[in-house]
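Participant: Please find one structure pasted underneath; my questions will follow.
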Amino acid sequence: REDLWVREGKILNPEKLFFDEKGSADIQLDCKDSIIAPGFIDVQINGGFGVDFSLATDDFKSGIDLVSQKILSHGVTSFCPTLVTSPPSVYHQVLPQISIRNGGAHGAGILGAHLEGPFISKEKKGAHPEHCLRTFEAGAFQDLLATYGSLDCVRIVTLAPEMKRSSEVIQELTKRGICVSLGHSVANLSQAEEAVQHGATFITHLFNAMLPFHHRDPGIVGLLTSDKIPAGRRVFYGMISDGIHTNPAALRIAHRAHPKGLVLVTDAIAGMGLAPGRHTLGQQVVEIDGLNTYIAGTKTLSGSVATMDTCVRHFQEATGCSVETALEAASLHPAQLLGIEHKKGTLNYDSDADFLMLNDGLYVQATYIAGEEVWRQDALGM
């Protein structure tokens, strides 16, 4: 019911404006009973609209620009372009072309790359190509550096913690402010706990590409209720809430066990926003059939074509949680995971004015970045 005050791209404390400056608003907008929420942050998105972030193309930059523009309509105001397991040549070509930048009318902001693989388990590779998988057994962090080439724009690395020398690698990445995520892994619970003690803070798409929960050794899933997490630390976990990757009951179990750690991710691939048929995911050909995406000729799930706003609606419906809780899983929690909650993910005073207007059904009506409208649903509902 209140007013939201914005000035110079930030959310303003109006008290200062009234009492100190005796000012008032230059522009007033009637939000017509919309819900105002922080902009969504997608920390795992492989591409969309025909663009695949794991393909080294000459027009890679224009591809990333296209995706960042198009996801504004899904309420995403910043994201981590994600690369699946690829040959070193791809990382060496693509990573220098990803630059961290603010969002605006040109598109959602880029927070840095998420490198999912190639240091993952063969047994749980999912849609990742086996011939590109690697280990860092020989040189630990140096092997990782040689594979990626540069870590300048990297925000998240997903790896399998059971790999030899992973503790050293996790510590080195964490030291550089890079978030380490556990995934595509056959780790048991004590290996997962050890990884967290060395600095890992995230789990890549919980339940997918990991050992299923077992009561005697709950594996990575057990981190949600582990008592071995260092004091003052929180483990976050990504979930693809598209109704396909995880049964609604599994989504409810995770949410009830550890609500403050849930981060909604799309894991969207190049086919998001396109017609069903054949598309790519890095080195693989994938087939889209409705909301299902498989590696061509198999029943192996390979990313999703769900949009972030769809994931938020599905999560809210599946868990019966409050609207605020559903919105925070796509905004506050990813911001906390990346350590940027003082700037993004909330509507607090002095934070970036990246926000959405949504109707009661949680459909996005308008998207704002730094206080400027960057997308609006037109009258025709397009």
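For all residues, glycine too, the Cβ spot is worked out from N, Cα and C.
This is the feature table in TrEMBL:
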type	residues	note
ACT_SITE	D267	active site, proton donor/acceptor
BINDING	E116, H184, H205	Zn(2+) binding site
BINDING	A127, N208, A209, R216, H245, L301, S302, G303	substrate binding site
DOMAIN	35-374	domain 'Amidohydrolase-related'
Participant: Within 8 Å of the centroid of the Cβ atoms of E116, H184, H205, which other residues of that chain place their own Cβ, given that this set defines the recorded Zn(2+) site?
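Facilitator: My list of surrounding residues reads Q44, G117, I120, G126, H128, T158, S181, G183, T204, N208, A209, D267.
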Participant: Cβ distance under 8 Å to G303 (substrate binding site), same chain, sequence separation 6 or more: which residues?
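Facilitator: For G303 (substrate binding site), the qualifying residues are N46, A127, D267, A268, I269, L281, V286, T293.
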Participant: Among the binding-site residues listed here, H184, H205, R216, H245, which has the most company in the form of other Cβ atoms within 10 Å of its Cβ?
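Facilitator: Checking each of H184, H205, R216, H245, the winner is H184.
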Participant: Could you round the CA separation between H245 (substrate binding site) and H184 (Zn(2+) binding site) to a whole angstrom and send it over?
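Facilitator: Rounded to the nearest whole number, the Cα-Cα distance is 14 Å.
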Participant: Take the C-alpha atoms of H184 (Zn(2+) binding site) and A209 (substrate binding site) and report the distance between them in angstrom, rounded.
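Facilitator: Cα of H184 (Zn(2+) binding site) to Cα of A209 (substrate binding site) measures 5 Å after rounding.
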Participant: Just counting, how many other CB atoms are there within 10 A of the CB of A209 (substrate binding site)?
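Facilitator: Other Cβ atoms within 10 Å of A209 (substrate binding site): 25.
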Participant: Do you know the mean pLDDT across the domain 'Amidohydrolase-related' (35-374)?
Facilitator: 97
Participant: With Cβ-Cβ distance below 8 Å and at least 6 positions apart along the chain, what are the contacts of L301 (substrate binding site)? List them in sequence order.
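Facilitator: Residues satisfying the criterion: G126, A127, N208, I244, H245, N292, T293, Y294.
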Participant: Rounded to the nearest Å, what's the C-alpha distance separating R216 (substrate binding site) and E116 (Zn(2+) binding site)? Just drop the number here, would you?
Facilitator: 28
Participant: In the structure shown, with every protein chain counted, which of the binding-site residues N208, S302 has the densest set of Cβ atoms within 10 angstroms of its Cβ?
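Facilitator: Answer returned by the neighbour count: S302.
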Participant: Pairwise over A127, N208, A209, R216, H245, L301, S302, G303, annotated as binding substrate, what's the top Cα to Cα distance to the nearest Å?
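Facilitator: Spelled out: the longest distance between any two Cα atoms in A127, N208, A209, R216, H245, L301, S302, G303 is 30 Å.
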Participant: Near E116 (Zn(2+) binding site), which residues of its own chain have a C-beta under 8 A away, given they sit six or more steps off in sequence?
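Facilitator: Same-chain residues close to E116 (Zn(2+) binding site) (Cβ under 8 Å, separated by 6 or more) are Q44, T82, L83, V84, T85, H128, T158, S181, G183, H184, T204.
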Participant: Work out how many Å separate H205 (Zn(2+) binding site) and S302 (substrate binding site) at their Cα atoms, rounded off.
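Facilitator: It is 12 Å, counting Cα to Cα.
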